[in-house]
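Contents: one structure, followed by commentary.
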């Protein structure tokens with residue numbers, strides 16, 4: 001699943017390539033993904049110019065003069081820039097065709113992605129209104145994390161993956177941040193002390209920023225997108241040896257998600 005770094009890299013590429021371009025038409029091949037694709041796109045988008053591409057959590061926000069196109073890539077989705085002559089594939093559900101012939105194509109095999117349209121401020125849209133602070137901003141720090149964990153006994157990893165607590169932290173980077181912070185993922189969030197919250201807020205920022213930095217060669221137009229450029233310490237490593245102590249990692253399920261940690265290094 002594309003997480004915050006992958007969405008941010010997509011945003012940067014699309015803003016660089018699409019800002020200032022005028023939309024000619026919209027082609028919808030699959031009327032319903034996670035939710036129905038708004039019919040008004042056929043009327044609202046043609047003739048409009050992309051002014052910027054923003055991001056809120058894992059959502060991409062296209063400023064199209066009179067409104068905002070909101071896109072979530074879901075579990076398997078990605079956006080490609082292709083030539084207008086490129087034939088669509090089986091899972092290419094939406095094309096936004098620009099006046100210069102460029103096509104922004106939404107590919108999503110599992111159809112869990114979302115496309116929405118709003119003429120109001122994006123922050124007020126139901127998809128975005130309840131999202132928590134961005135983890136790479138000053139509003140997400142140890143003091144904030146300490147405050148929101150006081151009454152929550154849910155596992156700390158599940159708390160990190162709750163978009164209402166912090167935006168855009170998924171399974172991959174929650175695993176990695178907790179390892180760096182030395183905190184077991186299944187610990188009740190309320191058991192964390194202030195120093196642990198400070199440490200965890202810092203490692204969340206570190207793993208996200210490092211992944212963005214290492215993904216500088218990410219290319220949104222490639223069909224086989226190389227997500228997750230970070231060299232992982234625990235994610236996807238099952239019972240391999242810990243990169244820090246050499247002991248065996250453990251794999252458990254939390255919230256129906258695979259969770260890997262080191263029982264020696266994380267307490």
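Quick reminder: no glycine exception, Cβ is built from N, Cα and C everywhere.
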Listed in Swiss-Prot for the DNA site shared with 110, 152, one of 72, 91: 91
Recorded positions near residue 58 (active site, proton donor), in sequence order, restricted to 2, 3, 91, 110, 152, 257 and a 10 Å Cα cut-off: 2, 3
By Cα-Cα distance, the member of active-site residues 2, 3, 257 nearest residue 91 (DNA binding site): 2
Surrounding CB atoms that lie within 10 Å of the CB of residue 91 (DNA binding site), all protein chains: 15
Cβ neighbours of residue 257 (active site, proton donor) where a neighbour is any other Cβ within 10 Å: 15
Closest of 2, 3, 257 to residue 110 (DNA binding site), Cα positions, active-site residues only: 2
